[in-house]
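Dumping the structure here so I can ask a few things about it.
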Amino acid sequence: MDFIKQFHSGWAYLTILMGVIFVVSTLVYAVSKKDTDNVVKKIGLITTIAFHVQLLVGLVYYIMKFSQFEGGNIMKSDILRLTFVEHPMMMIASVAFMTVANAKLKRSTIVPMSIVIFAVVSMACLLSRIPWAIWLG
Ligand code: HEM
């Protein structure tokens, strides 16, 4: 349990970092109308891998935490609702948006603005429902 918790906590830095790099680089390519090249495709691949690893570890962590949950009304408590409902749902949405952005990127010859929008929406979902107080507090 401790290793999974530490991993999920630490890998989150890489996930956020890669998400930011993806948004900035696709934005630069889209604005400068640069052709899609291997550099931006590699960034897309690494970002997607980072997101999916975090998703899988998050699912494992969720199952472990939920199996130790001693009961109570999840929806009535802000912290339980964040941990067991809002955080997982928004993170799954975030990973889905980022996966679509990368799939579009792989097929593109120049980077369209729609990829940047998908990536920004993904990061908005992600950053809005991280349990900041638990993580950094
Ligand atoms: C993919 C993006 C994700 C990111 C960036 C992320 C990030 C984080 C961070 C930073 C924490 C706080 C860690 C700490 O306690 O030090 C956390 C906690 C947690 N995450 Fe995630 N997570 C993601 C996905 C998921 C998913 C998909 C699930 C479950 C299906 C999940 C389940 C949990 C649970 C159960 C906690 C524990 C909260 C608590 O200790 O009360 N996470 N996550």
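Heads up, the Cβ atoms here are built off N, Cα and C, so glycines get one too.
Pulled these from TrEMBL:
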type: TRANSMEM; residues: 12-31; note: transmembrane segment
type: TRANSMEM; residues: 43-64; note: transmembrane segment
type: TRANSMEM; residues: 84-103; note: transmembrane segment
type: TRANSMEM; residues: 115-135; note: transmembrane segment
Please report, as numbers and ranges, the same-chain residues at least 6 past the borders of the transmembrane segment (43-64) whose CB is under 8 Å from any CB of it.
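Here the qualifying positions are 1, 4-5, 7-8, 11-12, 14-15, 18-19, 21-22, 25, 84, 88, 91-92, 94-95, 98-99, 101-102, 105-106.
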Six or more residues out from either end of the transmembrane segment (84-103), which same-chain residues have a Cβ under 8 Å from its Cβ atoms?
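Hits for the transmembrane segment (84-103): 19, 22, 26, 44-45, 47-48, 51-52, 54-55, 58, 62, 65-66, 69, 74-75, 115, 118-119, 121-123, 125-126, 128-131.
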